[in-house]
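Novice: This is the structure I have questions about; it appears just below.
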Amino acid sequence: MTRIADLPDTVDMLIIGAGTAGLVAAKTAAGFGATTVLVEAHRMGGDCLWTGCVPSKSLIAAAEIAQSARDGGHLGVHVDGVRVDFAAVMGHVHDAMRTIEPVDSIETIEQSGALVVMGRARFTGPRSAEIDGRPIAFRQAIIATGSAPTLPDAPGMDGVAVLTSDDVWDLTTLPERLVVIGGGAIGCELGQAFARLGSHVALVQRGPRLLPKEDESASRLVTAALEDDGVDVRLGTQVVRVEAGEDGESGILHLDDGTALPFDRLLAALGRAPRTDDALGLAAAGVDTDERGHVVIDATLRTSNPRIRAAGDVSGLPQFTHTAGVNGSVAATNAVLGLRRTVSEVVPRVTFTHPEVAAVGLQPSEAEANGCSVQTVDHHHVDRAIADDRTTGFTSLVIDGSGRLRGALIVGPRAGESLGEASLAVTQKLKTSAIAGSTHAYPTYSDAFWNAAVADVRGRLRTGAVGAAVRVLARFRAAVVR
Ligand SMILES: Cc1cc2nc3c(=O)[nH]c(=O)nc-3n(C[C@H](O)[C@H](O)[C@H](O)COP(=O)(O)OP(=O)(O)OC[C@H]3O[C@@H](n4cnc5c(N)ncnc54)[C@H](O)[C@@H]3O)c2cc1C
Ligand SMILES: NC(=O)c1ccc[n+]([C@@H]2O[C@H](COP(=O)([O-])OP(=O)(O)OC[C@H]3O[C@@H](n4cnc5c(N)ncnc54)[C@H](O)[C@@H]3O)[C@@H](O)[C@H]2O)c1
């Protein structure tokens, strides 16, 4: 680690925040030879490592094993008395974080050539900042300060210690009754995981369906799956007030439909707000923010101050680790090399519920408006899904008039693992004939992706000029082959 006192007075590149966006930006800028300083106020690795992807997927892994053990009877395997040792589950969660931590450590980043300092940075002017009060001038800067959970504000809420994704990982005992407010990615992933681990979970969603950023067909399957796991899903309802219990953690949630939900712990998953408060000094730097507080950027990630770029959750682009990483790299490359690379419009995403929801590009609900057709394979027709007895799901491809894949929606087990192929095809503008012509191993879930492409190609071979040519060729061969 570099001491603040040892920093140069002026640097080529100042990067604020050592989450995924800042880490990748620092490695990229230093790799190009820029004098780079990465500043982190709290923990190297940011949300993904400590409060986001890593702990949530580790918890989900334990929850899935518990559920598989209970469900084994479907396949003739009976596991009696499934017992969840929650402290050990949390031990696994924290072990996973500790195992991955070195990748994001100060030592690893400094080996790439960047200087890392622990401290809080704030801009003091268009080309200047201070770190814990120590002034530093920069030629260019990247804001990568991330986002923080939004807190609920119903009457009585301040009498309850509301959990968020920041501190739910500190639980040492499984809440017997957990109420989750918010039915987006975090609410669905964690609500289902806690239910599978043994909590009685109720999930309150303001809107008419869960996962409103995904197609309705996916929401429907996820809602049914959560209900199968025992989650009490309340749609189209709002919290009107909270009655706090004496312990400061439990209470009763009153909803606008007149019902009440008693809870031992309350978890808020209402979305995340960018970390751009006054303490960051954006006004002094001439960096504009929008009405929700996100840093305003152009397609090359440049802010209203041409020397400053932004990447990651703070930028208002989709809040994913892969987006943060890729855009951290784009921001640093543009800054150091003076390029105008733009951010990719193809953003794959996976919600790690069971079934998983994996999406990229145009979605089936958007197909018609974009002149595209949809090919869907229901997983009841996928041999691997039948063998696993996990047929809930489907694979839909969105295909334009010339046969190019424009998007995909996959719902099912390991859907996220099949998404890489779809992202590649969408990014490279591959046609379904290219996918159909690439042999897929049997039996896999990606058979569904392949078979949807094959169905599209067969359809095209039956219609239009191509279909006519194929029929002529077939008739000619029938005439000459005796
Ligand atoms: C529960 C949960 C599950 C998730 N699961 C997934 C998933 O499965 N897949 C996926 O792709 N995404 C997932 N995400 C989203 C993902 O975690 C974020 O999109 C990603 O971590 C954002 O990275 P970032 O670099 O923009 O910000 P962050 O990781 O938040 O990093 C910002 C850093 O800046 C530091 N900082 C802030 N202000 C200052 C300052 N003034 N000075 C110095 N340092 C400062 C902070 O301390 C922090 O370390 C999940 C998020 C949550 C909450
Ligand atoms: N697998 C993944 O990639 C993954 C997993 C978790 C989180 N994330 C990222 O983190 C971000 C934040 O996740 P999130 O789930 O907090 O936000 P979100 O925006 O995905 O969902 C929040 C949900 O809460 C609902 N809501 C808001 N206010 C409410 C209220 N007062 N009462 C009831 N419902 C209310 C909204 O309708 C919305 O559906 C996501 O958008 C995503 O980008 C990604």
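Placement of Cβ uses the backbone N, Cα and C atoms for every residue, glycine included.
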Novice: Between C53, C188, work out which one TrEMBL annotates as bonded to C48 by a disulfide.
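Specialist: According to the record, the bonded cysteine is C53.
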Novice: May I ask you to find which of G91, G113, G271 TrEMBL records for the NAD(+) site already listed with G182, G183, G184, A185, I186, G187, C188, E189?
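Specialist: For the NAD(+) site that includes G182, G183, G184, A185, I186, G187, C188, E189, TrEMBL also lists G271.
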Novice: Over the span of the domain 'Pyridine nucleotide-disulphide oxidoreductase dimerisation' (347-452), count residues by DSSP class, listing helix, strand and coil in order.
Specialist: 40 helix, 31 strand, 35 coil
Novice: Of T145, G182, I186, G271, D313, which of the binding-site residues has the most Cβ neighbours inside 10 Å?
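Specialist: Its Cβ has the most other Cβ atoms within 10 Å: D313.
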Novice: Taking Cα atoms as reference points, rank the recorded positions C48, C53, T145, G146, S147 by distance from G271 (NAD(+) binding site) and give the first.
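Specialist: Result for G271 (NAD(+) binding site): the nearest of the recorded positions is S147.
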Novice: According to DSSP, does G184 (NAD(+) binding site) fall in a helix, a strand, or coil?
Specialist: coil
Novice: Enumerate in sequence order the recorded positions C48, C53, I186, G271 whose Cβ-atom distance to ligand 1 is under 6 angstroms.
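Specialist: C48, C53, I186, by Cβ distance under 6 Å.
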Novice: Which number gives the other C-beta atoms within 10 angstroms of the C-beta of G184 (NAD(+) binding site), all protein chains shown included?
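Specialist: Result for G184 (NAD(+) binding site): 19 neighbouring Cβ atoms inside 10 Å.
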Novice: What is the nearest of the binding-site residues G182, I186, C188 to D313 (FAD binding site), using the Cα of each?
Specialist: I186
